[in-house]
Amino acid sequence: MEREVITLLSLREIDKMRQAGHLAAKLLHHLSSLVQPGVSTLKLNDEAEQWTQAHGAKSAPLGYKGYPKSICTSVNEVVCHGIPNAKQILKDGDIINIDVTVILDGYHGDTSRMFFVGEPSPIARKLVEVTDECRRRGIAAVKPGAKIGDIGAAIQEYAEAHGFSVVQDFVGHGISKVFHTAPQIPHYGKAGTGRRLRPGMVFTIEPMINEGTWEVKVLADKWTAVTLDRKLSAQCEHTLAVTETGVEILTPYPGEDIS
Ligand code: MF3
Ligand code: CO
Ligand code: CO
């Protein structure tokens, strides 16, 4: 297989990515207060679009490969790329992933997390907690000299140990001025395999963890990916930089220090 070029970012460019990433994280935090029973996913979208513009940035998803909205809102069995819709009203017990990507001064910040609408079922809570721990473990595998396969192995091992499965059809990705570029970051795989991580690499880790089968299906709208068995799916995402000593989370959740 051809060796793809993985661009290493300069410290100046990583600072641009940090500005964009922190803005994306702030947007996600801003939206969190709106997630309540009775709110439509379109309302979340419109608030995100307005907030992003007011902060001098652009919504990367809008118009990307024909995507029609500014954010992705993936509820319950939706794995990713759920399209906000006025008719989709959040209800008590739903779980929702909100995925935002902003472009600030040409650079992308891409992040997502899960929210509970009211009270989740025990299995929904467990799935979200396991997915969140997969995020931590995946990030903990990132350091110079480690390999891309170490990330997926850490995530897959933890998810499967809890009886869940890892989506294979969507992967993390290099990101900078370009939304999706090399390298691909699978959330499954074998430790010690794949390309070596080097300082200056910037990519996302965005595991999608399913309650049942790992298999997904894309609906007729060409975007919405759902679990094949229609059981629950959860996801969280950060944009990260490999540093000289380890990793920097470029999209830190406000008020949370895990980097
Ligand atoms: N934010 C998504 C990601 O994590 C991509 C969304 S692309 C869109 O890579 F077109 F669906 F918005
Ligand atoms: Co992404
Ligand atoms: Co994203």
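Heads up, the Cβ atoms here are built off N, Cα and C, so glycines get one too.
TrEMBL names Asp110, Glu237 for binding divalent metal cation 1. Of Asp99, Asp221, the residue it gives for the same site is Asp99. Glu206 is the residue from Glu133, Glu206, Glu211, Glu215 that TrEMBL records in the divalent metal cation 2 site together with Asp110, His173, Glu237. Apart from the site residues Asp99, Asp110, Glu237, the chain places the Cβ of Ala24, Cys72, Val100, Thr101, Thr111, Ser112, Thr204, Glu206, His238, Thr239, Thr251 no farther than 8 Å from the centroid of the site's Cβ atoms, the recorded divalent metal cation 1 location. Each residue in Asp99, Thr111, Ser112, Gly172, Ile175, Phe203, Thr204, Ile205, His238, Thr239 lies on the same chain as Asp110, His173, Glu206, Glu237 and has a C-beta within 8 Å of the C-beta centroid of that divalent metal cation 2 site, without being one of the site residues.
Checking the binding-site residues His81, Asp110, His173, His180, Glu237 for a CB within less than 6 Å of any atom of ligand 3 leaves Asp110, Glu237, listed in sequence order.
Cα of His173 (divalent metal cation 2 binding site) to Cα of Asp110 (divalent metal cation 1 binding site): a span of 10 Å.
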